[in-house]
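Feature annotations, reproduced from TrEMBL:
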| type | residues | note |
| --- | --- | --- |
| TRANSMEM | 7-26 | transmembrane segment |
| DOMAIN | 10-477 | domain 'NADP transhydrogenase beta-like' |
| TRANSMEM | 38-54 | transmembrane segment |
| TRANSMEM | 60-77 | transmembrane segment |
| TRANSMEM | 89-109 | transmembrane segment |
| TRANSMEM | 143-164 | transmembrane segment |
| TRANSMEM | 176-198 | transmembrane segment |
| TRANSMEM | 204-223 | transmembrane segment |
| TRANSMEM | 230-248 | transmembrane segment |
| TRANSMEM | 254-274 | transmembrane segment |
| TRANSMEM | 281-298 | transmembrane segment |
């Protein structure tokens, strides 16, 4: 115990290095397992070191929290299906934000308590060796930022969880009043925060915290489901900065390093995803440039009936079994239908018949960063068969069959061909260039951008309606009954 206390900074340094290796490992599928193990070891070092460094009266509280957290974490990990990972990730982000708020509150209340004690009996406490100094501007700024970011992260993440889990209380809101309310709440929150930072006024601190909690809700509530991958990534970044703020408050270097890694990586990922959507982060979070135009397009789509070609799972099975190359484009429909294992089985059957099968992944497909990759990994799809947008797009013209499973906006050719489209300029998977396109959807409804998809009316496209898992299983049965 004394050894750990004496060399605590060295243990934290080792943990910080392991967190960096974690980030490095998680950057690729082949090293992801090793990266995850580095992260587990780093977190174990951090928790154990903190436990032994803590003052004696709080050791048992920390131990109890560790045991309770471990029980809840293990239970959740064993029961949560991979299809619920987006909302689970959002919920974990909320806990980091809540921790930042509670630590900021505890630090301020502790300081106020010491101030009151010194005011009553300063000489006796000083003689006993108790030291107390009023919070510096730097410390007040740390608390301001930590609580500010943490409170926003908490309510925004809880609301994001509700949206991803399709909870009734987390419905998307819209209207002309939304932006003015966002601006008023944000400016009032900022004003209270600055006043607290400059004066240390407690009323301003409580007001800032309350307004930050409200802002987290009014900020996320208008964001559409199609933008949730960016939101989850940004909240990941926010949770990292909140953790770094906690590190400054607690004077814990390892927490500062780990929080900064998460914050910066989340911010970079958010930028990459916005670039993949041809939109700015401000546009996603506060504008929704697709809003008005998308609704108009949706209304127009309801008025004009367009012809499309539909087929059956048997037809699709015949076409794929007689193809040389097949590219599968998974979307949220695959996650919603929990079809990843059925898709893996279809892939294996086609490979047995000599068909080259690959998967094309769009950066914003699904409801969180890497959503499709996670689902395919769960189904044990070979890493080398999974290609990113930039790697696969040049191969579509030579592809015999493209199978789109529940994807919509990420394969909409209007993004390349129609300058009047709200998504014009957004990089897409160029499935429309393949020789034959098959699309599995429940209906002809628009995607989250609210736009009709010209791909569905292409002469080369065959629509197959139904639940993704059921349709894919029927395709597999049809292929088993045929041949290459």
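In case you wondered, yes, glycine gets a Cβ from its N, Cα and C as well.
Simply put, out of 7-26, 60-77, 89-109, 176-198, 230-248, 230-248 has the most Cβ pairs sitting under 8 Å from the transmembrane segment (254-274). The transmembrane segment (143-164) shares more Cβ pairs under 8 Å with 204-223 than with any other stretch in the list 60-77, 176-198, 204-223, 230-248. Outside the transmembrane segment (7-26) by six or more residues, the chain places 32-36, 38-39, 41-43, 45-46, 49, 52-53, 252-254, 257-258, 261, 265 with a CB less than 8 A from a CB of the stretch.
Within the chain, the transmembrane segment (38-54) has long-range Cβ neighbours (under 8 A, six or more residues past its boundaries) at 1, 4-5, 8, 11-12, 14-16, 18-19, 21-22, 25-26, 62-63, 66, 252, 254-255, 258. A Cβ distance under 8 Å defines the sequence-distant neighbours of the transmembrane segment (204-223), meaning residues of its chain 6+ beyond its ends; these are 101, 105, 108, 143-144, 147-148, 151-160, 163, 170, 172-174, 178, 181-182, 185-186, 188-189, 192-193, 195-196, 231, 284-286, 288.
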